[in-house]
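Visitor: This structure is in structure tokens; I'll ask about it shortly.
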Amino acid sequence: MQEPLLLPASCQCPENASCVNNTYCTCDSGYTSGSGQKLFTFPLEICKDINECQPPFSVYCGVNAACQNVEGSFYCHCVPGYKLHSGDAQFKSSSENTCQDDTSSETTQGGKELQKIVDNFQSLLTNQTLLRTGERQEISSRATSILQDVESSVLETALKTPEQKVQKIQNSTMAVETRVITDNCSEDRQTFSLNVQMNSMDIHCRDAIQGDTQGPSAVAFISYSSLGNIINATFFEEMDEKDRLYLNSQVVSAAIGPKRNVTLSTPVMLTFQHVKINPRSKKVFCVYWESTEQGGQWSKDGSFLISMNKSHTVCNSTHLSSFAVLMALTSQEEDPMLTVITYVGLSLSLLCLLLAALTFLLCKAIQNTSTSLHLQLSLCLFLAHLLFLVGIDQTEAKVLCAVIAGVLHYLYLAAFTWMLLESLHLFLTARNLTVANYSSINRLMKWVMFPVGYGVPAMIVAISAASRPHLYGTTDRCWLHLDKGFIWGFLGPVCAIFSVNLVFFLLVFWILKRKLSSLNSEVSTIQNTRMLTFKATAQLFILGCTWCLGFLQVGPAARVMAYLFTIINSLQGFFIFLVYCLLSQQVQKQYQKWFREMLKSKSESETYTLSSKVGPDSKPSEDK
């Protein structure tokens, strides 16, 4: 397991971005970075969709046409009452496509009725009240009813006007294409292809005519722009909780009539355009909407994945229904060596932090304000590392995982806050070399250190938990989500503390340099301050610089930085014990004293045991 801040050890760019020369990331076409930079290395950068239909882009689609933005792209479509001469529903170039008046002789009464059906169901699909307030079963039942009613109405309308072979109708929420077959299948027409909203269906002629040559048959292909927001991935019962599953296509329906056969002799071929272009490595599921007693759910029975590229997925199905494509962000594979290093390093750190805490408590020769700061820092790190080892993978229980993430958030923030207090104490100590007022420093630190050390992290965590409690705990580990910049509730304070500490240390070095150049006496005082500066600088390296290595895990050196980050950061406790205990002369003397007392006590115990065996009751044997 890596530390909570660990970033991917490769050129793995954020969603909707691609790697350039294995060094930089750039947002895909149709997206722009939040920072405005074309090339970036920051792993938490966000690529946002460009709305080409709004200023400053404002794509012009031509007269009687409108622009429709989609994730990563856009398309133009004719407004109601107008259509393209080609019959296509969507286009991008206004110079080659002109929307013409749809009141020509080609327009039949059936087309008008079909348009009316589409418009009527638009009000149902755009009703957000059910989505916000309805229960799961009610939502799925309503969606099932909408799908069935639309299919029946569209097929019935198409069969009323068999003279109009092909009809295409579209509005902002759905699009329909129907095809009526009035004759038998011929060799040059084995399959029918229907296209709506960049999705397509290929169905065999035999299945379309249903073996009935006595009357016309109809095929309907329907695409819903917004229905996927209602019957989303949460209605897929087979998802792995460790995968972030989402719908990456529009919901489409395929139906034939007048006989509503759903079982086919030849699988129907469905091609879906992705809602999110250029997805990262994912699990892909071709699913259909299954009507159940509880209303409905997504199921993959009888639906199979054929192929997939960056923009489209091809599926086939042995039956007709409503279909969609679900994708899951797969969990990133972890380096087993990093896991071993983390567990070994943190276990050693726990032992060292425990010994350091006991030393700070029991060694009276070093007990002062600085030691109190070391003690609180050691306790916070000990508890944080212990909870990390035993709780970071407890993702099965979501509530427990969220609690663990919140406590880890608090303990690590508290550790950094105590480091800030240590650097403040160091600065005040160095500043008062010229003003003999050391007692006032102790009084100030004793008054502020506990409210600041434990109160400020508590406020930050409380605000984070109150604003977005659902972002505590992920599917992979019990830590903070990267979504919506929530991780900055931790990274922000850490970066701020590190920056302030750098300022304090620079001021300390400047004060010491000026003091050394102006004083020849008080050498012992200067030497003590030098030692304190050395220890605090070492602690800044241990806690501050190692966490900064997490930001450098991009590009060719990412793997090296990942190992440096894990090794140094997992040994924080060992370094603290080394610097503040083993390298302290006072502590060394105390250890030697304790060691001599232990040997003396052991020797006295052995002497007492031996004397008890040859005590006054035992008499030497007499010669007879």
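Yeah, the Cβs are placed from backbone N, Cα and C, and that goes for glycine too.
Automatic, uncurated: that is what TrEMBL annotation is.
Straight out of TrEMBL:
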DOMAIN    49-88  domain 'EGF-like'
DOMAIN    170-333  domain 'GAIN-B'
DOMAIN    338-584  domain 'G-protein coupled receptors family 2 profile 2'
REGION    601-624  region 'Disordered'
TRANSMEM  340-361  transmembrane segment
TRANSMEM  373-391  transmembrane segment
TRANSMEM  397-421  transmembrane segment
TRANSMEM  447-466  transmembrane segment
TRANSMEM  486-512  transmembrane segment
TRANSMEM  532-554  transmembrane segment
TRANSMEM  560-583  transmembrane segment
Visitor: Determine which recorded stretch among 340-361, 486-512, 560-583 has the most C-beta pairs below 8 angstroms with the transmembrane segment (397-421).
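Guide: Most contacts with the transmembrane segment (397-421): 486-512.
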Visitor: Mean pLDDT for the domain 'GAIN-B' (170-333), as a whole number?
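Guide: Residues in the domain 'GAIN-B' (170-333) carry a mean pLDDT of 81 in this prediction.
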Visitor: Who are the chain neighbours of the transmembrane segment (340-361) in space, where the CB to CB distance is under 8 Å and they lie at least 6 residues beyond its ends?
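Guide: Same-chain residues near the transmembrane segment (340-361) but 6 or more away: 1-3, 367, 371-372, 374-375, 378-379, 381-382, 385-386, 388-389, 563, 566-567, 569-574, 576-578, 580-581, 587, 590.
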